[in-house]
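Asks: Below is the structure I would like to discuss, written out as structure tokens.
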Amino acid sequence: MKMTLVSLATIFVVASFATFAYASDPSPLQDFCVAVNDTEAFVFVNGKICKNPNMVVAEDFLFRGLNKPGNTSNPLGSRVTPVTVNQLPGLNTLGISAVRIDYAPNGLNPPHTHPRATEILILLKGTLYVGFVTSNPADPALKNKLFTKYLHPGDVFVFPQGLIHFQFNVGKTNAVAFAGLSSQNPGVITIANAVFGSDPPIDPAVLTKAFQVEKDVIDYLQAQFWWNID
């Protein structure tokens with residue numbers, strides 16, 4: 001993969017959201033609001049506390065490393081490299097972020113949602129089977145609808161905000177994708193991790209009823225180690 005291709009993909013996903021990032025995050029009220037480390041702050045805000053503008057430097061708007069493959073040596077065979085406000089403080093209040101996703105053969109980015117962002121994904125290398133599922137229909141007699149496609153290099157697919165989606169490498173080689181998200185902090189809820197790997201665990205009686213299975217099935221699933229790939 002050439003560096004120029006990576007650069008073009010990054011520019012694409014970032015530019016794609018430049019005109020409508022406000023759809024998720026509040027619009028900025030000044031040129032920029034570079035985030036500072038507020039992990040020990042006594043005041044919590046919807047976003048990040050701003051760095052003194054007189055102390056802002058070019059490095060606050062720079063992230064290096066999306067040319068480097070992520071380590072896919074895990075049971076899911078994939079790795080997400082995020083560039084959110086937590087990695088790039090200059091994104092604060094700008095309503096945009098990006099990720100690189102690497103997939104080994106048969107690698108999966110498992111069903112998950114971004115509660116605060118729409119995602120637009122461009123495939124650079126490999127073949128992916130991707131899809132998302134709609135929210136519950138108004139008519140209880142209908143089922144949630146699944147939308148899927150097979151992607152090839154250069155293809156673009158969008159996952160609407162908050163909907164469960166996934167990507168699966170169905171090719172015999174590694175796959176690489178870049179994505180832009182319409183929030184500086186889109187959030188991730190991996191469905192299996194949240195349901196079966198929460199701390200403390202959800203009462204098995206709840207999950208047994210919800211999934212209509214025997215308790216030993218729930219006990220088995222809750223006993224697994226659920227991986228996060230970002």
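For all residues, glycine too, the Cβ spot is worked out from N, Cα and C.
Checked TrEMBL, it gives:
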BINDING   ASN109, HIS114, GLU119  oxalate binding site
BINDING   HIS112, HIS114, GLU119, HIS165  Mn(2+) binding site
DISULFID  CYS33-CYS50  disulfide bond
DOMAIN    64-219  domain 'Cupin type-1'
SIGNAL    1-23  signal peptide
Asks: Which one, from the disulfide-bonded residues CYS33, CYS50, has the smallest tally of other C-beta atoms lying within 10 Å of its C-beta?
Replies: CYS50
Asks: Near the Mn(2+) site, what residues other than HIS112, HIS114, GLU119, HIS165 in the same chain have a C-beta no further than 8 Å from the centroid of the listed C-beta atoms?
Replies: THR113, ALA117, PHE132, PHE159, LEU163, ILE164, PRO186, VAL188
Asks: Can you give me the Cα-Cα distance between CYS50 (disulfide bond) and HIS114 (oxalate binding site) in Å, rounded to a whole number?
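Replies: Approximately 24 Å lies between the Cα of CYS50 (disulfide bond) and that of HIS114 (oxalate binding site).
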Asks: Setting ASN109, HIS114, GLU119 aside, what same-chain residues sit with their Cβ within 8 Å of the center of the Cβ atoms that define the oxalate site, listed in sequence order?
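Replies: For the oxalate site the neighbour list reads VAL99, HIS112, THR113, ALA117, LEU121, PHE159, HIS165, ALA179, LEU181, PRO186, VAL188.
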Asks: Tell me which residues of the chain lie with their Cβ under 8 angstroms from that of ASN109 (oxalate binding site), as long as they are six or more apart in sequence?
Replies: LEU76, SER78, VAL80, ILE101, TYR103, PHE166, GLN167, PHE168, ILE229
Asks: Between HIS165 (Mn(2+) binding site) and HIS114 (oxalate binding site), what C-alpha distance do you get in Å?
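Replies: Between the Cα atoms of HIS165 (Mn(2+) binding site) and HIS114 (oxalate binding site), the distance comes to 9 Å.
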Asks: I want to check the contact list for GLU119 (oxalate binding site): same chain, sequence separation of six or more, C-beta distance under 8 angstroms. What comes out?
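Replies: For GLU119 (oxalate binding site), the qualifying residues are VAL158, PHE159, HIS165, ALA179, GLY180, LEU181, SER182, PRO186.
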